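Engineer: For reference, the structure I am asking about is given below.
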Amino acid sequence: MKTIKPQTPEGNEKHTPMMQQYLRIKAEYPTTLVFYRMGDFYELFFDDAEKASRLLGITLTQRGASNGNPIKMAGVPFHAVDQYLSKLVKLGESIAICEQIGDPATSKGPVERKVLRVITPGTLTDSDLLPEKSEQPLLALYSTTQRKTATIGLAWLSMASGVLKLMEFATDAQNADVRLKHELERIAPAEILLPGSVNDLFSEFSLAKNTTVPDWHFDIAHGTKALYEQLNVGTLTGFGAENLSAAIGAAGALLRYAQSTQGKGLQHVRTLTVETENEFIGLDAATRRNLELTETIRGQDANAATLFSLLDHCRTAMGSRLLRHWLHHARRDQSVAMARHAAINALMRADACSGLASTLASVPDVERITTRIALLSARPRDLAGMRGGLQQLPSLRAYVSMCNKDADAPLLKTIHDALATPSDCLDLVERAIAMEPAAMVRDGGVIARGFDAELDELRGLSENAGQFLIDLETRERARTGINNLRVEYNKVHGFYIEVTHGQTDKVPDDYRRRQTLKNAERYITPELKAFEDKALSAQERALAREKYLYEQVLQQMTQHIATLQNIAHALAQLDTLVALAEHALRHNWCAPQLVSEPTITIEQGRHPVVENHIERFIANDCLLSSECKLLLITGPNMGGKSTYMRQVALITLLAYVGSFVPASSAVIGPIDRIFTRIGAADDLAGGRSTFMVEMTESAAILNGATENSLVLMDEVGRGTSTFDGLALAWAIAKHLIDNTKSFTLFATHYFELTQLPEIHPTAANVHLSAVEHKDSIVFLHAVQAGPASQSYGLQVAQLAGVPQPVIRAARKHLALLEANSMQATPQFDLFAGGGSPTTVESAAEPQQASAVDEAIAAINPDALSPREALDALYRLKELSNQ
């Protein structure tokens with residue numbers, strides 16, 4: 001960034017020199033709010049002032065005129081700026097921080113100013129601006145199209161951790177937006193960089209703040225050079241990135257933008273990871289939402305009942321962030337999960353969780369502190385926290401060594417080796433940083449005593465002032481005879497001798513009046529003035545020396561960035577594994593078995609979140625294999641169908657995350673994606689009805705699922721007419737059985753679908769059981785073989801508090817509908833191979849019995865008169881004869 005020196009630009013002669021300087025700076029940041037430092041405030045002018053006033057609720061004022069127009073102005077105090085920056089960033093704004101770098105005492109004209117950093121949603125590193133338990137990545141996006149094939153390159157960087165990743169994929173240009181949206185939802189960037197000539201593929205995405213930069217920033221040759229320089233390499237072959245042209249172009253734009261916002265290089269970005277299409281278990285946005293991994297279906301995340309909040313027993317913010325990442329990025333490679341299973345088992349076996357947890361609780365966010373050290377923006381308490389964290393490493397290593405004494409957990413061995421104490425780094429912060437340093441270097445008291453002789457001497461001069469003032473006060477009282485004479489100090493007037501008005505006649509001739517008060521006079525003497533000059537000079541020099549020393553310490557700490565990053569990653573892994581082990585111990589979770597055969601075999605499985613919120617949870621089995629690929633699930637509303645399906649998906653996902661699972665045993669085969677079609681909601685903003693949302697999600701499943709996918713389909717077809725919905729549900733289920741051959745849990749209220757297993761041997765019926773007693777229903781929540789007999793919709797409505805007159809009317813109408821449905825009317829047979837018409841006579845018998853049962857259930861004998869009872873008996877007779 002260029003320093004803006006006062007000079008009159010062409011066309012700005014009518015502005016004051018200060019406003020000329022401001023306008024030059026603002027011209028370089030036209031779409032960014034410029035916080036312009038003036039003394040103890042950051043000021044905003046013109047349109048920036050109006051916008052900040054509206055967003056922050058601060059006062060909009062005017063400051064004179066410039067070029068004949070009033071200057072609108074708003075400002076915030078510099079010492080409280082973080083709270084205002086945090087609010088603006090959450091609103092998606094970017095802010096350029098323009099500081100005074102010149103000396104007001106020596107400047108002729110406006111003080112020299114410079115933009116030292118630009119704060120944007122994707123480039124945050126300050127702890128006050130970042131959420132503790134989640135990342136805020138910056139992502140750059142670039143694509144090329146040839147012969148209807150789009151090649152899309154992604155590069156993203158977590159500025160707070162220094163993790164840089166690339167990904168590139170080719171897809172049909174017409175469907176590129178679907179694949180791109182899936183990846184963006186997975187990465188969840190806080191800010192997206194786009195080429196200035198943004199195309200339709202990118203323009204529709206509003207998942208984050210979109211920032212456009214010039215097209216030439218995405219030049220592939222520039223991107224290659226930028227990566228070489230950043231990673232200090234001569235080839236990208238070792239990273240597997242040499243042929244990812246689009247991703248390299250995106251990386252070049254990303255690094256240029258990130259460096260420009262920080263005003264310096266990115267020392268903490270030292271390596272590169274290339275992600276591939278088949279690396280993780282695929283989870284689209286609907287699945288993440290329906291399984292409530294890190295936020296509920298209603299969009300709640302903080303303290304909500306999610307899988308993340310359930311498992312997050314992490315003692316460090318690093319561990320919480322890694323746990324969140326694992327939940328969204330379960331690897332298909334079974335060896336990764338199995339290594340975590342072995343580590344968790346070792347931690348549980350050694351009974352070391354409580355000791356490790358209590359030690360980890362005193363470890364700070366080493367990952368983000370390391371980043372701030374690399375950017376030379378770490379504050380004194382960051383370094384004090386780093387010192388405390390490094391001091392815990394020997395204890396943590398001892399615990400890990402004890403847990404892995406059988407050497408059967410290679411991951412713990414890797415963590416143990418990475419937690420070796422960096423003695424040079426620890427020695428430096430132990431010697432240099434005070435035990436309880438001030439929050440800011442400008443406040444002093446940051447560098448420890450004994451670290452620097454010159455600083456100690458200057459501090460001695462300043463600190464001895466107290467004794468000098470006591471001695472001077474004693475001597476002056478004796479010399480003047482004024483017993484209530486006081487020698488004091490304040491920041492405005494410096495040192496002074498205070499004498500009450502009644503004693504001023506005793507003041508010696510060498511006293512010079514400094515200030516007059518209502519009841520006293522304040523004086524200075526040549527001796528006190530000389531001491532003041534010496535003491536205040538020593539204090540200023542001590543602060544300057546301390547600032548210099550602190551900067552030197554930071555520079556020396558940057559030599560240990562790579563080591564500190566490795567330690568941070570090991571600490572995060574250990575913290576996450578301990579949290580998962582703790583939860584498994586408390587809730588009797590088991591180690592899942594990952595196998596190569598196609599199967600999902602779960603015994604006594606439970607929903608991990610639901611079981612934690614109710615007193616007694618009914619465990620259920622699930623058996624899916626090459627012989628049984630689809631379970632048709634029927635049963636009453638509120639019977640637990642959705643909970644059962646979700647628990648199977650969550651147990652499967654947890655097994656691949658590397659966690660133990662809520663079951664007595666679980667054997668899981670290869671899984672590539674998990675799909676869910678659960679619940680119903682309009683997409684009003686997108687102009688889509690409930691049924692359109694349902695069909696869109698169903699289409700994504702049918703087009704994307706494979707034989708290694710797990711598919712959850714709940715109540716497909718209910719958003720349209722009965723026969724349309726039934727036909728679609730049947731066709732979708734049949735396609736999943738015949739073509740996709742995915743592991744499928746298919747819940748439905750269309751009892752006609754329960755005939756599918758008679759035609760397809762790889763399908764089976766199960767139902768959630770319930771017991772009806774009079775007009776009420778008891779849900780047993782147990783999964784049993786075979787189809788359900790009825791849906792118990794009226795009983796559920798009654799439980800929900802629907803008025804009795806409505807329930808009675810519904811029962812009468814239901815009886816009428818069922819009576820009519822028993823008449824032999826031609827209907828197309830969904831399950832017939834041809835198109836010949838057939839009747840529903842075979843299906844009428846159970847419906848007839850159901851109609852009689854419902855009519856009997858609707859009768860309240862205690863409320864009937866003899867005549868009404870006789871009429872009811874005739875109605876039952878009539879129903880039984882139909």
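Just so it is clear, glycine is given a Cβ too, placed from its N, Cα and C backbone atoms.
Summarising the annotation, Swiss-Prot assigns ATP binding site to G635, P636, N637, M638, G639, G640, K641, S642.
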Engineer: Neighbour count, 10 Å Cβ-Cβ cut-off, for K641 (ATP binding site): what number do you get?
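Structural biologist: K641 (ATP binding site) is surrounded by 26 other Cβ atoms within 10 Å.
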Engineer: Provide the number of Cβ atoms within 10 Å of the Cβ of G639 (ATP binding site), excluding the reference atom itself.
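Structural biologist: G639 (ATP binding site): 26 neighbouring Cβ atoms within 10 Å.
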Engineer: Once the chains shown are all counted, how many other Cβ atoms turn up within 10 Å of the Cβ of G640 (ATP binding site)?
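Structural biologist: 24, counting other Cβ atoms within 10 Å of G640 (ATP binding site).
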Engineer: Show, in sequence order, which residues other than G635, P636, N637, M638, G639, G640, K641, S642 on the same chain lie with their Cβ within 8 Å of the centre of the Cβ atoms of the ATP site.
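Structural biologist: Nearby residues not in the site list: L768, A770, F779.
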Engineer: Which of G635, P636 has the fewest nearby Cβ atoms, counting only those within 10 Å, among these binding-site residues?
Structural biologist: P636
Engineer: Test of understanding: give the count of other CB atoms lying within 10 angstroms of the CB of N637 (ATP binding site).
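Structural biologist: N637 (ATP binding site): 20 neighbouring Cβ atoms within 10 Å.
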